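Enquirer: In case it's useful when we look at the structure, here is the feature table from Swiss-Prot:
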- H177, D179, H263: Fe cation binding site (BINDING)
- K273: 2-oxoglutarate binding site (BINDING)
- 159-282: domain 'Fe2OG dioxygenase' (DOMAIN)
- N218: N-linked glycosylation site (CARBOHYD)
- 1-16: topological domain 'Cytoplasmic' (TOPO_DOM)
- 38-287: topological domain 'Lumenal' (TOPO_DOM)
- 17-37: transmembrane segment (TRANSMEM)
Amino acid sequence: MAKLRHSRFQARKWSTLMLVLFMLFMLTIVLLMLLAFGVFSLPINNDESSPIDLSYFRRAATERSEGLGKRGDQWTEVLSWEPRAFVYHNFLSKEECEYLISLAKPHMVKSTVVDSETGKSKDSRVRTSSGTFLRRGRDKIIKTIEKRIADYTFIPADHGEGLQVLHYEAGQKYEPHYDYFVDEFNTKNGGQRMATMLMYLSDVEEGGETVFPAANMNFSSVPWYNELSECGKKGLSVKPRMGDALLFWSMRPDATLDPTSLHGGCPVIRGNKWSSTKWMHVGEYKI
């Protein structure tokens, strides 16, 4: 009887082991197929990566082929976890950047900030650019860009405000600020702002970086630190590059506000800076 029990136990043990080995084998096959088809690739080991473990990931160039014009190789760069910030390289094509600028140019006005008590726009010396809003879903190209933003962020398109196009000339800037609200008035429509997608529509010869002065990291460890302006060296900074998009979160994963998301636009020293911002809310944003 004891022998029979032992035999059954051994049979069950071998059966479980074979099942586990089979599952591991199938998982390996699936991963190899995903790699072969370019759905994802292994992290690239870059000798120039900094001690903060900047990570680089490749997207298949064919994964997001819709839109105006042809985009270059798309890849994602992890900048920081405090705040959560990522750069999507070649997020927009050159033609899409130029299209947004051409739509906005005839309607540019002096940029304002939101009054926390009334919710109305007001002039402020902390923001010296010019800008305009493009209504959400106003045409096919805008819809395509907004859908792309939704696909990358997993935030529905109807949670976003209209695209804001901004223009900074030499000397113009935006002092460090938060995109989230600290009042109840501005959260009535859509709730709190949870994330921002900042798309660069032009290159900038010098200056104009997006800077995070409260980021929890060693600012000087990034490979491009020596290329930054004095303003850019005061925090974690991203240099404007046509077609790139910077995504950062104003809220932590536990839904609390993230003070490390403090950010600003450094003064443009040489050239012009064009950008487009999409603010995304916790709930549906009605327009």
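Even glycines carry a Cβ here, placed using N, Cα and C.
Note that this is a predicted model, so its numbers are computed, not measured.
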Enquirer: What does DSSP call K273 (2-oxoglutarate binding site) in the simple three-state scheme?
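Expert: Going by the DSSP assignment, K273 (2-oxoglutarate binding site) falls within a strand, counted as strand.
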Enquirer: Provide the number of Cβ atoms within 10 Å of the Cβ of D179 (Fe cation binding site), excluding the reference atom itself.
Expert: 20
Enquirer: What is the nearest of the binding-site residues H177, D179, K273 to N218 (N-linked glycosylation site), using the Cα of each?
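Expert: Answer for the nearest of the binding-site residues: H177.
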Enquirer: Please work out the number of neighbouring Cβ atoms within 10 Å of the Cβ of the residue listed as '2-oxoglutarate binding site', leaving out its own Cβ.
Expert: 27
Enquirer: When you measure from the Cβ of H263 (Fe cation binding site), how many other Cβ atoms are you left with inside 10 Å?
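Expert: The answer is 27.
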Enquirer: Give the distance between the Cα atoms of H177 (Fe cation binding site) and K273 (2-oxoglutarate binding site), rounded to the nearest whole Å.
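Expert: Per the Cα atoms, H177 (Fe cation binding site) and K273 (2-oxoglutarate binding site) stand 19 Å apart.
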Enquirer: Setting H177, D179, H263 aside, what same-chain residues sit with their Cβ within 8 Å of the center of the Cβ atoms that define the Fe cation site, listed in sequence order?
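Expert: Result: P176, Y178, T196, S250, S261, L262, G264.
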Enquirer: Using DSSP, what's the helix, strand and coil tally for the domain 'Fe2OG dioxygenase' (159-282)?
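Expert: Result for the domain 'Fe2OG dioxygenase' (159-282), in helix, strand, coil order: 16 helix, 50 strand, 58 coil.
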Enquirer: So for H177 (Fe cation binding site), how many other CB atoms are inside 10 Å of its CB?
Expert: 15
Enquirer: Could you state the whole-number distance in Å separating the C-alpha atoms of D179 (Fe cation binding site) and K273 (2-oxoglutarate binding site)?
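Expert: With distance taken Cα to Cα, K273 (2-oxoglutarate binding site) is 20 Å from D179 (Fe cation binding site).
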Enquirer: Provide the number of Cβ atoms within 10 Å of the Cβ of the residue listed as 'N-linked glycosylation site', excluding the reference atom itself.
Expert: 12
Enquirer: Using C-alpha atoms only, work out the spacing between H263 (Fe cation binding site) and the residue listed as '2-oxoglutarate binding site' and round it to an integer in Å.
Expert: 17
